[in-house]
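A.B. asks: Residues or ranges marked as active site, nucleophile by Swiss-Prot on the basis of sequence analysis: Cys379. The feature active site is assigned by Swiss-Prot to His519, Glu521, with sequence analysis given as support. Here Swiss-Prot flags Ser13, Asp146, Ile147, Glu148, Lys186, Thr187, Lys188, Pro189, Thr190, Gln191, Lys222 as CTP binding site. Residues or ranges marked as UTP binding site by Swiss-Prot on the basis of sequence analysis: Ser13, Lys186, Thr187, Lys188, Pro189, Thr190, Gln191, Lys222. For Asp71, Glu139, the entry in Swiss-Prot reads Mg(2+) binding site. Per Swiss-Prot, the feature L-glutamine binding site maps to Gly352, Leu380, Gly381, Met382, Gln383, Glu403, Arg474; the stated evidence is sequence analysis. Feature annotation from Swiss-Prot assigns region 'Amidoligase domain' to 1-265.
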Amino acid sequence: MARYIFITGGVVSSLGKGLASAALGALLQARGFTVRLRKLDPYLNVDPGTMSPFEHGEVFVTDDGAETDLDLGHYERFTGVSARKTDSVSSGRIYSNVLEKERRGAYLGKTIQVIPHVTNEIKDFLAVGEDEVDFMLCEIGGTVGDIEGLPFFEAIRQFAQERARSQCIFVHLTLLPWLAASGELKTKPTQHSVKELRSIGIAPDVLVCRSEHPIPEKERAKIALFCNVRPDAVIPAYDLKTIYEAPLAYHRAGLDQAVLDAFQISPAPRPDLTRWEDVMDRLENAEGQVRIAVVGKYTQLEDAYKSIAEALTHGGMANRVRVRADWVDSEKLEGEGAHLLDGYNGIIVPGGFGERGTEGMIAAAKYAREKKVPYLGICLGMQMAVIEGARNLAGMPDAGSEEFDHEAGKTRFTPVVYHLKEWVQGNYTVQRKLTDDKGGTMRLGAYTAVLVPGSKISEIYDGALEIEDRHRHRYEVDAKYRDQLEAAGLSFSGMSPDGRLPEVVEYRDHPWFIGVQSHPELKSKPFQPAPLFAGFIRAAMDNERLV
């Protein structure tokens, strides 16, 4: 049965609980343990699938089609363990499950209350798969004291109480603010955060203290005394140049040892951190630099493209080169022109929804095609590349997407991209209507693409004729225009196994121009970069040498 580590936060949000959880999972793996990481989000949305990227950041999609928090991306990148639907839950999902059970009569006429019905639902979620791994790391979103988070804190308190003391521990992440006027770190916010946590029945075993300045030993001792933890369980967490330094930094600070001590695991297996030392070597000793323009709709918030940013870093590691990614607002291209892309060694157009900014994406695809600049179009980025080719090469000047017509409420375009109403998933066929609810109704999760032998995409994947990547879309390039587009030079080099859905397009006469309907960035890891991103950066390096 798994040991449980509950990671909570206090003082302020966005302190890095997700990264701390991912780094701790990686450190436990380095000691030979198996791990799984989970995220419990107190917001009332059922999942983040319908939330604005400006509100929530990226939606991370799992192999089995769950739309989850971007922290699950950190979990996967650091541990290599593929997340599942059962690794992410929100208050909305919990309450939805409880109400569905009430309607079915599952509670036998009882009055439904937060305790025990909601807390029991949360505990049932925590217990799924507990026999599969050595450690289950569960991050609670938000901060202690948030009203919407109280049922989760109560549930983990009960969960720990119902198990042996040596089976559950609590790690609490707090902030030590620096007061410039007095030139000192202040521990009082941490003390009050722990006081708040203890008031709901949870006593932290390990404190992780975020700080911009070194934490003196006397301050660590003071925190330990007032918060009732061991001095060596007060772990400093400083700002780092790269998130991939976190496992090594937390190991030096003693986080993994403090956790094992709290579980009374002795002697603790020695860690093998070779993998992370190699990652840092590739980052710190990179030679040269390539400049990449990411032309998107949500560039004001980099977290909206978190996996893109990390996959570019991984591609740089694979080629031992630094990647400088600039976030270019696609609407700005519409107003100021594609000359804004001059000087870049590669262009990425990532996914998105809605018509806003898409003419700028189309302009970026045209610029890359005509200037022979490496281009990677992802999801919407592939669709915009197809529309650009249809308009300017295949004699369809009014080519566009049904998505834009549906948004405007009138027909304006020849729909080379159409609303996907049916597709094969496993052994059955999924059917969708335009009037369906938005949440959870897209083509989600891992799907196979069958590749054309000898195509560039096949070469990138070492000659593979089938690849599998994750998807998140409800619009698709219409295969009925395939012959017309291929005659214009745009090759359909990857299709769904039934031959109905285009998965990959590429230009035969271009050094490197590929569009994919999937999201290969979601499976990229620092020690296993996504082949498409490694190949894209390699092509950008070739372009840099030509400039």
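Cβ atoms are placed via backbone N, Cα and C, with glycine included.
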A.B. asks: Going by C-alpha distance, which of the recorded positions Pro189, Lys222, His519 is nearest to Glu403 (L-glutamine binding site)?
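C.D. replies: The smallest Cα gap between Glu403 (L-glutamine binding site) and any of the recorded positions is with His519.
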A.B. asks: How many Å separate the Cα atoms of Thr187 (UTP binding site) and Lys222 (CTP binding site)?
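C.D. replies: It is 8 Å, counting Cα to Cα.
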A.B. asks: Taking the Cβ of Ser13 (CTP binding site) as the centre, count every other Cβ atom within 10 Å, in any protein chain shown.
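C.D. replies: Looking across every protein chain shown, the total is 12.
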A.B. asks: Of Lys188, Lys222, Arg474, His519, the recorded positions given in the record, which has the fewest other CB atoms within 10 A of its CB?
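C.D. replies: Candidates: the recorded positions Lys188, Lys222, Arg474, His519. Fewest Cβ atoms within 10 Å: Lys188.
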A.B. asks: When neighbour density is defined as the number of other C-beta atoms within 10 angstroms of a residue's C-beta, which of the recorded positions Cys379, Leu380, Met382 has the lowest density?
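C.D. replies: Relative to the other recorded positions in Cys379, Leu380, Met382, Cys379 has the fewest Cβ atoms within 10 Å.
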A.B. asks: Measure from the CA atom of Asp71 (Mg(2+) binding site) to the CA atom of Ser13 (CTP binding site) and give the result in Å, rounded to a whole number.
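C.D. replies: So the Cα of Asp71 (Mg(2+) binding site) lies 14 Å away from that of Ser13 (CTP binding site).
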A.B. asks: Within the chain of Gln383 (L-glutamine binding site), which residues six or more apart in sequence place their C-beta under 8 angstroms from its C-beta?
C.D. replies: Gly377, Ser401, Val417, Tyr475, Val477, Gly515, Gln517
A.B. asks: What is the one among the binding-site residues Thr187, Thr190, Gln191 whose Cβ has the most other Cβ atoms less than or equal to 10 Å away?
C.D. replies: Thr190
A.B. asks: In terms of DSSP three-state secondary structure, what is the assignment for Thr187 (UTP binding site)?
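C.D. replies: It is coil.
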A.B. asks: Given the L-glutamine site residues Gly352, Leu380, Gly381, Met382, Gln383, Glu403, Arg474, which other residues of that chain have a Cβ within 8 Å of the mean position of their Cβ atoms, reported in sequence order?
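C.D. replies: Here the non-site neighbours turn out to be Gly351, Phe353, Cys379, Met384, Ser401, Val417, His473, Tyr475.
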A.B. asks: Output, ordered by sequence, the same-chain residues six or more apart from Glu139 (Mg(2+) binding site) with a CB under 8 Å from its CB, or 'none'.
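C.D. replies: In sequence order, the residues whose Cβ lies under 8 Å from that of Glu139 (Mg(2+) binding site) (at least 6 apart) are Ile7, Lys17, Gly18, Ser21, Leu37, Arg38, Lys39, Leu40, Asp71.
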A.B. asks: If you count Cβ atoms within 10 Å of the Cβ of Glu403 (L-glutamine binding site), leaving out that atom itself, what do you get?
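C.D. replies: A 10 Å sphere around the Cβ of Glu403 (L-glutamine binding site) contains 22 other Cβ atoms.
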A.B. asks: Once near-sequence residues are set aside, which residues in the chain of Glu521 (active site), 6 or more away, have Cβ atoms under 8 Å from its Cβ?
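C.D. replies: Once residues fewer than 6 apart are set aside, Glu521 (active site) is near Ser307, Ile308, Glu310, Ala311, Ile378, Ala530, Phe533.
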A.B. asks: Compile a sequence-ordered list of residues in the same chain as Gly381 (L-glutamine binding site), six or more apart from it, whose Cβ lies below 8 A from its Cβ; state 'none' when nothing qualifies.
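C.D. replies: Sequence-distant Cβ neighbours: Ile348, Val349, Pro350, Gly351, Met361, Ala365, Gly515.
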A.B. asks: Thr190 (CTP binding site) to Gly352 (L-glutamine binding site): how many Å between their Cα atoms?
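C.D. replies: Gly352 (L-glutamine binding site) has its Cα 39 Å from the Cα of Thr190 (CTP binding site).
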A.B. asks: What's the CA to CA span in angstrom from Pro189 (UTP binding site) over to Arg474 (L-glutamine binding site)?
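C.D. replies: Cα-Cα, rounded: 46 Å.
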